[in-house]
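As given in TrEMBL:
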type: BINDING; residues: Lys46; note: ATP binding site
type: DOMAIN; residues: 17-271; note: domain 'Protein kinase'
type: REGION; residues: 358-379; note: region 'Disordered'
type: TRANSMEM; residues: 391-422; note: transmembrane segment
type: TRANSMEM; residues: 442-463; note: transmembrane segment
Amino acid sequence: MEKQSITNASSSSSSSWIRGNCIGRGCFGTVSKAVSKIDGGVFAVKSVDLATCLPAQSESLENEIEILRSLKTHPHIVKFLGDDVSRERTTTFRNLHLEYLPEGDVANGGIVVDETLLRRYVWCLVSALRHVHVNGIVHCDIKSKNVLVVNGGSSVKLADFGSAIEFAKPTVGIAPRGSPLWMAPEVIRREYQGPESDVWSLGCTVIEMLTGKPAWEDHGFDSLSRIGFSNELPYIPAGISELGRDFLDKCLRRDRSQRWSCDQLLEHPFLCQGHHSFFTESSPRCVLDWVNSEFEEEEEEEESNGSSVESMVSAMAKISKLATSGGAIWESNGWTEVRVDATEELGAKWEYPVSSTRLESELETTDESVTPPGNEEESVSASRSVMTCEMLLLVVLLLVVENIQIYATFYTSIIIIIRILYCCCYHHQINDKKKKIAKRNIYLSFSALTFLFGNLHVIRIGLSISRELFYVV
């Protein structure tokens, strides 16, 4: 679909395009599927309601429109198709038109298990970032959720320029933009936000692709302190090659002046090899991390069979995606999928990304602490019986024993015996959570019992025994 076919500052959806189902909703508006009345092309529309939106919402959308309009088309940046203002019934919308990419983002696709594919993704991302930086723009929000998968999973495109800024002007005393766990140290400290900051975020994104989670654990203010004011660096996964580790080292320098630029990163062996010879990897780490011998020939043969290489990368990506993901969701920063009917909502329960490692561990698990089917009722019944015995014991001892110390000693001793028997008899029928609670209660009961004796030596012995039971029972 051509850009001019839908770009009209005053067009209405009733005259040039039709708004379809809502496919995303977030704090900055909605994303809908749309169809052009002119050529039938499908595209995505990011919209805000001008009557009800907050100033920050409209400003973010206008900023994204201006940034994308100023950028020339790039094969690894989501294509800008136009913008307009539409009046639909009684509501007026400000709209941004983008190409529709239904394959989802890298974050939704799960862990990138094959390093050949990872190198291709990173090459596409660095190429897009270089184009952005050459045009005097900083993206400010590089992360897997803003990297969309295309071409059957063989390539990616950079998306969501709502936080982007021009860096031609001085940026001292800046207001940080983007997602905190991906921000560079100087951004956290409010000192500077420029191309070097995007390179740091790129390194964090590569780690996120490898692990399926952010490079830094989310501990709120403590995480921000570690990123901005410590000497720590994100943990680099052990599975990545030495070239990949060196590439990340060039991105994740705390001193921004020592970080490599995108031009330098494109010349790094990690990306040079990944771009010119996609199948020259070392021995595979898993079934999907394989090498087809017919592509291990001379470079001239690879160039003459370019289309075959592209199709093979696409096939690998599709297989990897099937193994690591339950479904694709097209979304950008802060957007959550919206279901339009009950059938889709029911299907959504299975659309969660699952890494291959997690999948294998779930299939091969032999953990006996999981309650077997059919034994849930017996376990619940046993738990209720224990509670009943303890309550009856409490009442009987209150009626029979007058001395409070003797009463407490008897009560805690018998409680310990009951709980130990419960753990031993129903060891295979109670889950980990209940087992931990039972162990903790045994430990506390022993502590209370030994305290009642008032003898330090006895207390030490009791605590030692209770600790052993805590770990063994």
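Cβ coordinates come from backbone N, Cα and C, glycine included.
Taken as a whole, the domain 'Protein kinase' (17-271) shows an average pLDDT of 92 in this prediction. For the residue listed as 'ATP binding site', the count of additional Cβ atoms within 10 Å of its Cβ stands at 26 [all protein chains shown]. Under the DSSP three-state reduction, the residue listed as 'ATP binding site' is assigned to strand.
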